[in-house]
Amino acid sequence: LAPKVPSLCFPSDINECETIPDACKGQMKCYNHYGGYLCLPHTAEVFPAPEPAITPTVTNPCPLGYESQGDSCVDIDECERDEHDCQPSQQCINSLGAFTCQCPDGYRKVGTECIDIDECRYRYCQHRCVNVPGSFSCQCEPGFQLAGNNRSCIDVNECDMGAPCSQRCYNTYGTFLCRCDQGYELGPDGFACNDIDECSYSSYLCQYQCVNEPGKFSCVCPEGYQRQGTRLCQDINECETGEHQCTDTQTCVNIHGRYQCVDSNRCQDPYVQVSENRCVCPVNKPLCRDLPFSIVHRYMSITSERSVPSDIFQIQATSVSPGAYNTFRIRSGDENGDFYIRQINNISAMLVLARAVSGPREYTLDLEMVSVNPLLSYQGSYQTSSALRLSIYVGPHTF
């Protein structure tokens, strides 16, 4: 309830010179004036000013912050009447009998001034806090983004947002990693995947030739070979597959990477053919006296640049007379000394490649076995010989 208004009274002057006995002592004379009196010598002259007209003063009978309305006191809204002392940045809030000056959000009142609150001091943000006048903002480290509360930071899945990985992307907490498919390696920038040239790492990946391809490598074989598995090369036997062009009077001989057509009858006069690959020189022919009794034809092939010395063909006697001893030699075809004979025992010897040879090239060697039997001769030793005519084809490729 508003306080009631009290009754009004107006004061009047009291003449102390009349009401106070002996107001002035000695020879002093009492002079009354409004609100008091003076004691002056009798010789003093006083010129009293005209008394001011007494006008009644109106006083507020209500408590501070109220005004009277009839018999009641009503609160004064200083904010509405602009009768406050709030700063322009402050908001005036009316209250009963008074008012308060309120600072905007983000400020606190110090005296009559509003001072910015540094919210970052209170660790409102999970990662980084940036104070601004009257407020603050939260920021996240790279790889994170603000959550819905604008304070917490959640991980960003860069792989779903277009991470610059050229092949595979793996999201991790706060960042991401790029990885490459098999056959590729990660570049210096950490994003691009560069092809690995496997062929440059080793010369043993393929038996013949390595071909680098994007993300992998493959092995190729030369003409006349087919790939066995993924790395080895196997000779194609054209004589068995029928991929040759030999005539009915020729025999197909398979060699490394190709084939050779040879005459089915390779016996030259005075020799006569007695089987598919064997020629005999009859003893009744005078020309046969100084020639091997028989010649057997054989064929083989070797690769180029074969390591040397290398055993390549073994000669084995098929029949030996009792008491005979045998020697082996290269009768013809080795004018450059690329081969030599290493005798193993009385009935066998080994043809050895003495020097590395390159192909394609063909050798025809007559390997002779000379048999001497003292028991079959009454005047000197009995001697006979047989030859193996070996055709050696040197392939064009090295394995």
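All residue numbers here begin at 1 and follow the chain in the order shown.
For all residues, glycine too, the Cβ spot is worked out from N, Cα and C.
The DSSP breakdown of the domain 'EGF-like' (75-115), given as helix, strand and coil counts, is 0 helix, 18 strand, 23 coil. The domain 'EGF-like' annotation in TrEMBL covers 75-115 (among others).
Cβ atoms under 8 Å from those of the domain 'EGF-like' (116-154) belong to residues 104-108, 173-176 of the same chain, restricted to positions at least 6 beyond its ends. According to TrEMBL, the feature domain 'EGF-like' maps to 116-154 (among others).
Secondary structure by DSSP for the domain 'EGF-like' (195-234): 3 helix, 18 strand, 19 coil. Annotation source TrEMBL lists domain 'EGF-like' at 195-234 (among others).
Summarising model confidence by region, the domain 'EGF-like' (116-154) averages a pLDDT of 91. Across the domain 'EGF-like' (116-154), the DSSP tally of helix, strand and coil residues reads 4 helix, 16 strand, 19 coil.
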